[in-house]
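A.B. asks: Once you've had a glance at the structure underneath, I'll fire off some questions.
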Amino acid sequence: MPLCHTIFSLMWFNIEPDASCLRMTIPRPDDAAHPSATQHPSARRWATQARVLRRGLLCALLWIWVAEASLHFAIEGLGMSLIWPANGVALGAVLAYGPAMIPALALGVVVWHIWHSVGELESLIGIGALVLALLLAWGVLRWLYPRLQSRNPLLQTASFHLLAVLPASAVLTLLGSWQFLLLDAPAWADFEVLILMALSQVFGLLMFGRATQLLLNALKHRAYPWRSLLDRQTVAWCSLFVVFGLLAHLADYANLGSAEAVRYLLLGLVAWAAFAARPLLAHWATAAAAVTMVALAPEFPTADAHALTWIIDQTVLLIFLAAIGFLVSAVMAQRRLLERALRRAAHTDPVTGRLNESGLIEHLRLCAPPPTLLGVEASNLSQIEDRFDLALARSVERDISLTLGQLVPSGSQISRMKEGFFVLCLRPGWASEGLVEGIQQALEGKRYAVAGESTRLRLAIGRLDDVGHPLQAEHRLALLAQATQVDWNGRSAATRDPAQPENLLRLRRQQIECIDHLRELLRQPQADATTGLWLACQPIRRALREQEEVGAEVLLRWTLANGNSMSPAEFFPMAERHGLAAALDRWVLNAAATQVRPLAHGRDKNWKLSVNLSGASVSDPALFDDIVAAIAASGLGARQWCFEITETAGIAQRAQAVELFQRLRQHGASTALDDFGTGLATFDYLKALEADYLKIDGSFVRAIETSRVDQQIVRSICEVARTMRLQTIAEFVERDSQKHLLAAYGVDFVQGYGIARPRPLSEHVQQLLTA
């Protein structure tokens with residue numbers, strides 16, 4: 001009883017059913033969701049002990065039954081067969097259920113010995129041999145597994161048999177031979193008993209150890225339901241096995257002398273099972289074929305001269321059978337591992353570890369009903385790659401992947417379909433407006449820095465619901481890409497409303513036509529307000545003396561052929577996506593220089609013309625020379641020009657932007673930081689970019705009469721500006737109450753519909769000349 005209690009108290013380990021032969025894990029209840037997991041500790045302990053007792057009883061009865069059946073194949077007069085499966089069954093039980101099975105197995109051996117009137121000493125030797133062999137095999141595997149868990153199945157199979165089966169067989173051979181020699185055995189030489197005992201134990205453990213372990217694990221984990229156990233391959237193999245057995249029985253019954261030849265047909269059956277079937281069938285096919293071969297073997301010769309030859313013949317045949325069964329099965333397992341690795345590599349993106357395009361297509365084909373697709377594209381990733389390097393671009397993509405993984409609901413699938421384009425597969429109803437806004441808040445405008453330079457991320461998001469009729473996965477992804485491309489501002493209706501294919505194609509066609517038309521317009525000189533691109537301006541006046549105009553901001557407009565106007569907020573993001581932002585800036589610069597040339601001889605040399613620059617232009621080293629040329633062509637002095645940059649613009653290389661501002665100020669021009677207060681690092685930009693003006697964003701002005709937060713923000717901006725000796729300009733001023741409040745807070749200049757509405761630049765220049 002102390003020995004039993006000690007063994008029951010051992011830490012248990014299990015061998016998983018579909019893993020390699022050495023795959024062992026610390027045991028727990030059969031399933032993490034087992035009902036006992038929620039029980040009281042004492043109840044859970046009793047349930048565990050009851051489960052151990054049931055398994056122990058099963059293993060003991062199984063050992064007794066197999067041992068009794070093995071006696072029918074025993075060599076006449078010796079009580080020993082060439083294969084002793086009972087100890088192989090015991091080894092498999094310990095590998096599957098842990099060393100807690102050893103006491104039950106020992107008890108089964110005692111019962112069997114009592115049934116066959118085995119003496120106490122012989123029984124004690126037999127029990128000791130089995131217990132020591134099982135503990136030795138278990139200890140070797142426990143030591144061996146951590147050192148071999150990453151190796152191939154072929155090496156694991158060889159290591160298992162060499163380092164576990166052979167030592168256990170040695171213990172059973174030595175003590176078992178002693179046990180048989182103590183019995184009333186015939187006058188066999190000691191070495192003959194030793195050889196036959198060694199072969200019996202080796203083949204028993206070899207053929208039935210792993211096979212029993214796989215079967216018990218299948219029952220324990222329910223890894224193979226009984227229906228799947230009887231698959232087509234298993235049924236076909238068993239049918240052929242029964243046919244061969246019947247042929248051998250009929251041949252033996254008719255004295256045809258061909259029963260022995262049937263044994264060699266079993267080699268082909270084993271090879272087939274090892275090549276095509278799962279490990280469970282392959283091992284049991286090998287074990288069944290081995291027992292059948294021994295049963296159909298020629299009768300054991302009574303003459304000593306032929307006994308050794310008979311043993312050698314049968315041993316060679318069984319070794320060859322084991323080699324076919326186990327080695328071919330291990331090779332095929334290695335092949336299946338490689339195939340799974342290749343499939344995984346073919347469906348996995350190497351940058352993020354998510355599904356790639358082929359993996360996403362395969363996933364969509366298996367989904368029913370079709371999921372909602374959300375496309376998230378890093379619009380300026382190619383610019384980041386061009387201005388910085390590939391390493392930063394890949395780092396940005398990995399960060400996008402991690403962020404999306406934290407935001408999407410559990411059970412969603414994320415894939416990187418192509419460079420900079422991610423697809424989220426969501427269950428219908430999961431693509432809420434809140435999810436889209438969460439993605440935009442987390443990623444839109446996020447700053448990435450390297451080597452002192454930084455840039456911001458720009459997103460485009462598109463959504464595609466089930467279109468109502470069957471579509472191939474490739475077509476759905478193409479439509480999603482269209483929806484994302486149509487999403488010019490990253491917040492279009494494509495993210496809120498189900499996008500139909502015909503609408504997407506129509507919108508995308510319109511977008512392409514707009515881009516082509518815009519390219520044509522950029523090659524033409526400036527137009528008037530009736531057609532094409534043209535320039536407007538909005539005056540900027542002093543906050544305290546609103547009649548005194550100090551300058552005007554240039555605004556770009558586009559009048560379509562149908563007479564409708566398109567604002568920059570509509571077409572400029574599209575131009576940025578197609579790389580036309582810098583060309584637009586240069587067009588505006590040259591057109592403005594041409595239209596203000598009549599003011600070159602005016603008397604007001606303090607009036608300034610303010611021009612916006614995009615992030616793409618600011619990062620261009622050639623921009624400064626173009627600005628100098630435009631200033632010279634305008635006839636105005638450099639001090640009459642002001643250049644604005646928005647802090648939230650996608651500046652690819654910050655150092656070049658800082659250098660541009662420095663060179664402009666050295667040349668005599670003024671600089672302004674637009675939309676101040678909206679960026680995530682506004683004050684950092686303010687220190688880096690040497691500006692002359694701060695333009696307070698209109699979002700802080702619209703409700704300034706009632707919002708105490710906006711009032712405090714504007715006060716703070718004015719205090720910072722005075723500290724840095726900068727002047728402030730408030731945008732979107734529409735009411736006198738706003739203007740008076742802003743003047744009281746210290747704002748220097750105001751701009752908005754309440755001050756003056758935009759008008760064509762050419763008309764405004766003529767008005768200035770006549771005034």
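Placed from the backbone N, Cα and C atoms, the Cβ positions cover glycine too.
For reference, TrEMBL lists these features for the protein:
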DOMAIN    515-771  domain 'EAL'
TRANSMEM  52-75  transmembrane segment
TRANSMEM  87-112  transmembrane segment
TRANSMEM  124-145  transmembrane segment
TRANSMEM  160-181  transmembrane segment
TRANSMEM  193-214  transmembrane segment
TRANSMEM  234-252  transmembrane segment
TRANSMEM  264-287  transmembrane segment
TRANSMEM  307-333  transmembrane segment
A.B. asks: Against which stretches of its own chain does the transmembrane segment (160-181) lie, if we need a Cβ under 8 Å and a gap of at least six residues from its ends?
C.D. replies: 21-22, 78-80, 87, 91, 122, 125-126, 128-130, 132-134, 136-137, 140-141, 144, 190, 193-194, 197-198, 201-202, 205-206, 209-210, 326
A.B. asks: Cβ pairs under 8 Å only, please: of the recorded stretches 124-145, 193-214, 234-252, 264-287, which one is richest in them relative to the transmembrane segment (87-112)?
C.D. replies: 193-214
A.B. asks: Could you please provide the mean pLDDT value for the domain 'EAL' (515-771)?
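C.D. replies: When the pLDDT values over the domain 'EAL' (515-771) are averaged, the result is 86.
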